[in-house]
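K.L.:
Here it is, the structure, as structure tokens.
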Amino acid sequence: MREYFWIALLALGLAEISAMGGNHLPEAALNLNERFFDEVRELIKRRMEAKPLPLAGDEVALQNQRSYDNVPIPAASVPVPVLVENWPTDQHSFGQVTAVSVDPEGNPVIFHRADRYWDVNTFNESNIYYLIEYGPIKEKTIYVLDPKTGAIKTGWGSEMFYMPHGMTIDGHGNYWITDVAMHQAFKFRPFESKPQLVIGKRFRPGSSVKHLCKPTSIAVATTGEFFIADGYCNSRILKFNAAGKLLRSIPQPPEFLSLQVPHAITLLEHLDLLCIADRENMRVVCPKAGLKSSHGEGQPAATIQEPDLGRVFGVSGYGDIVFAVNGPTSMLPVRGFTIDPRSETIIGHWGEFKNPHSIAVSVNGSALYVTETGTNHQTNRVWKYVLA
């Protein structure tokens, strides 16, 4: 800033000298001005060598960033999910497997409903959970699986949840969980029964900044900031700092983004995008996450909406791409998709499912997992894919 002050002063000095007539100034004043100008020139030279002066509004940099964002990913560099046959090696008796995530050690972890089902008798018209008197699910609702065999390594979460929905495990091994019956989102340290952080009011749905209503999913940034998809009732995304202070609601004016059941969310931090499975709008939308700066917040989101996409249930980011799964939609195949948000296109199809609900990719990209919800242990299951 000091250099810009001297540059401004130089301009004023030149203007003053011109106005007074340089040839009529005293010699001492001319010498002083010459020394002054020499110092300013030296400052400008050092400044230019260190860093070019910014262009107005950094428009060139922004234009370069926009151009970079629109460069499609080369097809040869896109990993293809390949099904691992006969995984898991043993049959499990899970309830509806609503979520899967992968812990820092590479273990797939599932969140299931045990003997609970969500049907027309679960909530009233005000979104109040009907079955509070039955208490929380007695069985363990979270199981850590062996990535090689799919065998259960350990489990927890008994007597804690009423209607499981979303689960994300961050880079530190913390569990981020949503329960649609309690209308709450939780952060747990690994295997602890008392939450470190709670968002929402227990069994009290609402649309204020202190309430949630059937929240669906959570995405956590390496910065500690996190996003909650406040999904079924409010159709909004809430952004919080690491301490749980609300920073932003998506959408908000002047943002034109109408969501209908944001069912899952994932972050592409390199691109500073939050990608949303906008289920009932049958698309994936990726607004700016605002992790690097607030620039771009409120601008039109990258939108992937093609005829074969259908109702998108799950999304998981890996690098600069998104893997997604749709659910049953009239006359459309139920399968997986590989999406490039920068070109706003589907760049691959894979898999064949009946009723997938969630998807997760391991941190090192070695495996991808898809869960399905059904009516028995054969349809409530987890699929494993390797990324070739």
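In case you wondered, yes, glycine gets a Cβ from its N, Cα and C as well.
From TrEMBL, here are the annotated features:
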type	residues	note
SIGNAL	1-19	signal peptide
BINDING	VAL100	Ca(2+) binding site
BINDING	ARG113, TYR232, ARG279	protein binding site
BINDING	HIS165, HIS263, HIS357	Zn(2+) binding site
REPEAT	200-243	repeat 'NHL'
DISULFID	CYS213-CYS233	disulfide bond
DISULFID	CYS275-CYS286	disulfide bond
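Tell me about the surroundings of these features in the structure.
P.N.:
Cβ environment of ARG113 (protein binding site): GLY95, GLN96, THR98, ILE137, THR141, MET163, PRO164 lie under 8 Å away, each six or more residues apart in the same chain.
Around the Cβ of HIS165 (Zn(2+) binding site), 28 further Cβ atoms fall within 10 Å across all displayed protein chains.
Along the repeat 'NHL' (200-243), the predicted structure has mean pLDDT 97.
There are 20 other Cβ atoms within 10 Å of the Cβ belonging to CYS233 (disulfide bond).
If you draw a 10 Å sphere around the CB of CYS275 (disulfide bond), it holds 29 other CB atoms from the protein chains shown.
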K.L.:
Enter the number of other CB atoms within 10 angstroms of the CB of HIS357 (Zn(2+) binding site).
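P.N.:
Taking all protein chains shown, HIS357 (Zn(2+) binding site) has 24 Cβ neighbours within 10 Å.
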K.L.:
Record lists ARG113, TYR232, ARG279 as binding protein; longest Cα-Cα distance in Å?
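P.N.:
Greatest Cα-Cα span of the listed binding residues: 21 Å.
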K.L.:
Just to be sure I understand the packing, how many Cβ atoms besides its own are within 10 Å of the Cβ of HIS263 (Zn(2+) binding site)?
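P.N.:
Around the Cβ of HIS263 (Zn(2+) binding site), 26 other Cβ atoms lie within 10 Å.
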K.L.:
Count the other Cβ atoms sitting within 10 Å of the Cβ of ARG279 (protein binding site), across every protein chain shown.
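P.N.:
Result for ARG279 (protein binding site): 26 other Cβ atoms within 10 Å.
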K.L.:
Can you tell me which recorded positions out of VAL100, CYS213, TYR232, CYS275, CYS286 are within 10 A of HIS357 (Zn(2+) binding site) by Cα, answering none if there aren't any?
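P.N.:
VAL100, listed in sequence order.
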K.L.:
Work out, from DSSP, the number of helix, strand and coil residues along the repeat 'NHL' (200-243).
P.N.:
0 helix, 14 strand, 30 coil
K.L.:
Return only the integer: C-alpha distance in Å from VAL100 (Ca(2+) binding site) to TYR232 (protein binding site).
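P.N.:
About 19 Å separate the Cα atoms of these two residues.
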